[in-house]
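A.B. asks: First the structure, then my questions, so here it is.
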């Protein structure tokens, strides 16, 4: 497959200034990701206290940790359909309500079954959040700033994880029965903040075009663009991608007809995709698979146990070392957000994955040495440094790029459902790792598990090298061409020419 080298593509946005309104919308949408990150991170420490309070075993802990992701599978597949029917904005609002209910139940948590129900409901919210936040951010962004804005949800996930770790450390000093319940229940507050913020967010202009609501889409496009000329160009590109028959437009507010070939989205996406769509789907599924198959969830969720295996024994020191993981993750994702639109997705991704291979191998070696020879000062230090290095390399590339890349490569008509498939694979792998890690460490040792992760990271590097072209600076409407497609039909070029020659009321 021929790879793009990251140069400016025709139609890319040359304007270096980020639109403040689009930035604000992306920030509000990303609050939902903070809640998800918090629910993920807080469980790493909360499980220590839950186990003591509710007298549960390792298997029940694995199920409690992993059920969030199994239920997220349901949420992500549902969100794909929901976001196409009621819109991106109201799907975000729905996910906030789901998180609110789940957080209240977990905070109440009088016993294990109620805790599981709350965790399951929160998991459905996770599926909604992971699918909708990057898609919404991508659809309101210009090409030149899409990497930055679309990486904000991943940054907010990391901030949420960090807040979860800090919550573990602070509330862990309270009584056993109260501490972990406050850790879990406090996640309800960001849901309320999002519920207020959603009232000030506009709908995605691309979704509005798909609904034939061009007048509304046009007004929002002006708000999220720096100039009317930029808004006009982006609006015309969306009309082309959405296959709107512009010859039937008398006035923008007068209604339009979308061209419909009778093909369902799922048939075009999965059952009988064109070659370009097939490559896009493989790329999206592959990057989501490898994001969690390389072991990041094991470190995020079980870092206190990993550090304990390495020789850290004090509960306070375990939780502090875990806070260090959260700080490292957040810091390097912040760096990544500024590099994505400058360096490009591909270079960062390959560098990130290569670094992960070395960090995982180093961690596996150090943990194996501790397993065989007992506490060794150098092995303890190496294991902690390797853990932080793995998190750093993951966070500067594979972590944020997974969501940026998979949310931008699908054609508009397939984006919501395509993104939901990627999230579903992501959650399956996340659940697989989180629900099997403790069992695997008993079977092949903790060091052995990280040797496996290192091998998977090698396979990931080769997959990314051959299957993922550069997308930096390319408009969303041009992605299908990047993967070798010419658009929905052979007359796409004619449709583009036709669109550019017709004045859309209000822009000219």
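Each residue, glycine too, has its Cβ placed from N, Cα and C.
Since the structure is predicted, the reported quantities are computational estimates derived from the model, not experimental observations.
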A.B. asks: Please find, within the list 318-338, 486-506, the residue stretch that Swiss-Prot describes as transmembrane segment.
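C.D. replies: From Swiss-Prot, the annotated transmembrane segment range turns out to be 318-338.
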A.B. asks: Counting Cβ pairs closer than 8 Å, which of 178-198, 318-338, 418-438, 448-468 has the most of them with the transmembrane segment (348-368)?
C.D. replies: 448-468
A.B. asks: May I ask for the residues of the chain that lie six or more residues beyond the transmembrane segment (90-110) and have a Cβ under 8 Å from a Cβ within it?
C.D. replies: 29, 32, 35-36, 39, 75, 79, 82-83, 117-125, 128-129, 132-133, 136, 181-182, 184-188, 190-192, 194-195, 198, 201
A.B. asks: Considering only the recorded stretches 120-140, 178-198, 280-300, 384-404, 418-438, state which has the highest number of Cβ pairs under 8 Å to the transmembrane segment (21-41).
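C.D. replies: That would be 120-140.
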A.B. asks: What stretch in 60-80, 280-300, 384-404, 418-438, 448-468 has the biggest tally of Cβ pairs under 8 Å against the transmembrane segment (147-167)?
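C.D. replies: Counting Cβ pairs under 8 Å, the winner is 384-404.
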A.B. asks: Check for me, if you would, whether the transmembrane segment (280-300) reaches the transmembrane segment (418-438) - at least 3 Cβ pairs under 8 Å, residues 6 or more apart in sequence.
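C.D. replies: These two segments touch.
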